[in-house]
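The structure appears right after this line, and notes come after that.
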C-alpha cells in the first residue's frame, strides 16, 4: 500500500541535490563563452565546432531540424523508455530530465575546451548543441544500468565524471586516431553502456532481493515505455546523420539507419515469439531490442554499407539483443554480479561492439571507385593518401579498445565515488521506489480517507 510506506530519514540530503545542480552554471567564468552565429558546418574531427564558413539558409534550417530530432530523442525517448518500473515512473522521467539538463551544460564546457577554445573563449553553435545532446545520451545509457538503485546526487556526480571522460575519449578517437563514428556506436553506445555496467558492478547490492517485488512492470508502465521506444525508433535516422556531411553522405546515413531499424524490429518480433512461452511476445524485447538496429549501424551508417548490409546488420542486432534479454541478463547478475536494470548491455553494449566491428569491416573495404568524390567526406585521410583502407580499419579497431578502456576505468572510479557514505543512496529495501525522492499523489490517501470511512460506518449503523 502506498500509504504504509515510511521513508527512512537521511541527514544532509536536503542540500546535496541543490549544490550539485549549481555546479555547471557557475563552473566557468562568464567571459569564457562566445556565442557564434548558428552555422551548420559539417563536423570534421580536425576542426573546432564552429568555423568561419558560411552556409545557405536551407542548410541552417536542416541543422536546426536535426537538432530538434536529437533533442526529442534524449529528453522524451530515453525518459519514457525507462518508465517500465511499476513504482519508479517519476524518477525515470524526472531524473532523465535532470541528468540531461546537467550533462548538456557541463558537456558544452568540456567539449568546448577540447574542440573550440580560442582566444580565451568557447565558441558555441548548433553543432556544439548536438554534441552536448550526444554526450547526454551516453550519460543516460549509463543511468539505465543503475536505474532505481541510486539517488539524484549520486547520479549528478556520475554525470560530472562521465562527461569529462566522454569528451576525452571522443577527442582521442576522432581527433588523434582519425576514427569515423558518425552515429556513435563506440563513442556513445559502447562507452555509455560499459561505463554504466562497470559502475553497477562496483555498486553491487547483495541484498537487492528486498526490493525485487518492485523491479517488475505493470500493464500501463510498459505501455508508457513504448512511447519512448516509438520516439527513439522514429528519430534514430536523424540521430545518426545529425553531424554527417550534408548531401549524399547524410542521405546515405539516414537510409542505412532506416533499413537497419526496420530489420531489427522484424528480427525482434520473430525471435521473441520463438523463445517466449507458448509463442507469446515479450514487451521487454519489443521495447528495447527493436532499437538495436540504430545502434549497430552507428559507425558504418555513413559508409558504403548498402541497404542489404544495413538489413542484415539490423536483423543480427535485433536477434542478439533479444537473446541477451532472454538468457544473458540473468547470467550477468548471477555470475558477474552486474545488476543491469534496463539491460543496457543488450541494447547498447553488445550492438555497440558489433557496430564498431562492422565499421572495421566496411572501412577496410573502402576504395576510391566505390565512394568517388564522397571519399573525402567519409575517409579524408584515405582520400589524401595518408592512410590505406587497411590502416583505417586498424585504427577503427584500436578506437574500440580505447573506448572500452576509458569506459571501464571511468565506471570503476565512478563506482568508488558513488559509494561515499554521505551520498543519498537508497537502502536495499527502498530501491525502485519513487517515494524515496518524490512527493507522490495518493501516498497519504489512507490517512485522509480514514475519518470519512469511519463517518460512513457510523451513518450506516
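Using the three backbone atoms N, Cα and C, a Cβ is placed for every residue, glycine included.
Now, the feature entries from TrEMBL:
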type	residues	note
DOMAIN	61-420	domain 'Ammonium transporter AmtB-like'
REGION	439-461	region 'Disordered'
TRANSMEM	70-90	transmembrane segment
TRANSMEM	97-117	transmembrane segment
TRANSMEM	129-148	transmembrane segment
TRANSMEM	155-174	transmembrane segment
TRANSMEM	186-204	transmembrane segment
TRANSMEM	216-236	transmembrane segment
TRANSMEM	256-275	transmembrane segment
TRANSMEM	308-328	transmembrane segment
TRANSMEM	348-367	transmembrane segment
TRANSMEM	397-418	transmembrane segment
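Counting Cβ pairs closer than 8 Å and at least 6 residues apart in sequence, the transmembrane segment (129-148) and the transmembrane segment (70-90) reach three or more and so form a contact. Counting Cβ pairs under 8 Å to the transmembrane segment (186-204), the stretch among 216-236, 308-328, 348-367 with the most such contacts is 348-367. Among 70-90, 308-328, 348-367, 70-90 has the largest number of CB pairs under 8 A with the transmembrane segment (216-236).
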